[in-house]
Amino acid sequence: MPMFIVNTNVPRASVPEGFLSELTQQLAQATGKPAQYIAVHVVPDQLMTFSGTNDPCALCSLHSIGKIGGAQNRNYSKLLCGLLSDRLHISPDRVYINYYDMNAANVGWNGSTFA
């Protein structure tokens, strides 16, 4: 159930076609979880600053049942910062990503939970 959320001040018009699909496929590969369970939410046009400037930036979160931890998070950070840099032109030093290891009983889907 990985869910990746990107809040950014990058304009909607600058988000390339296929970016969400690319994030989905890359996260499926990185987490080892099926793409059918991965949700991606990109929220452009946000009023945001980072280091006191309005240059492109992003505040992100990755939620997952398992597959969250030290070495894994470093790999995700490298992957996701790379994609945000390549596709949205956001410098990696202007991105924060928070990681959340979710309890399966606390994640609802399809009328039930993952527990």
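Here the Cβ of each residue, glycine as well, is placed from N, Cα and C on the backbone.
For reference, Swiss-Prot has these:
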type: ACT_SITE; residues: PRO2; note: active site, proton acceptor
type: BINDING; residues: LYS33, ILE65, ASN98; note: substrate binding site
type: MOD_RES; residues: LYS78; note: N6-acetyllysine
type: MOD_RES; residues: LYS78; note: N6-succinyllysine
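Positions of Swiss-Prot features highlighted on the structure.
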residue	record	Cβ within 10 Å
PRO2	active site, proton acceptor	24
LYS33	substrate binding site	17
ILE65	substrate binding site	20
LYS78	N6-acetyllysine	12
ASN98	substrate binding site	11
TODO: Using LYS78 (N6-acetyllysine) as the reference point, find which of the recorded positions PRO2, LYS33, ILE65, ASN98 has the shortest Cα-to-Cα distance to it.
DONE: ASN98
Task: Distance, the residue listed as 'active site, proton acceptor' to LYS33 (substrate binding site) (CA atoms, angstrom) - done: 8
TODO: Would you mind pulling the longest C-alpha to C-alpha span across LYS33, ILE65, ASN98, which the record has binding substrate, in angstrom?
DONE: 19
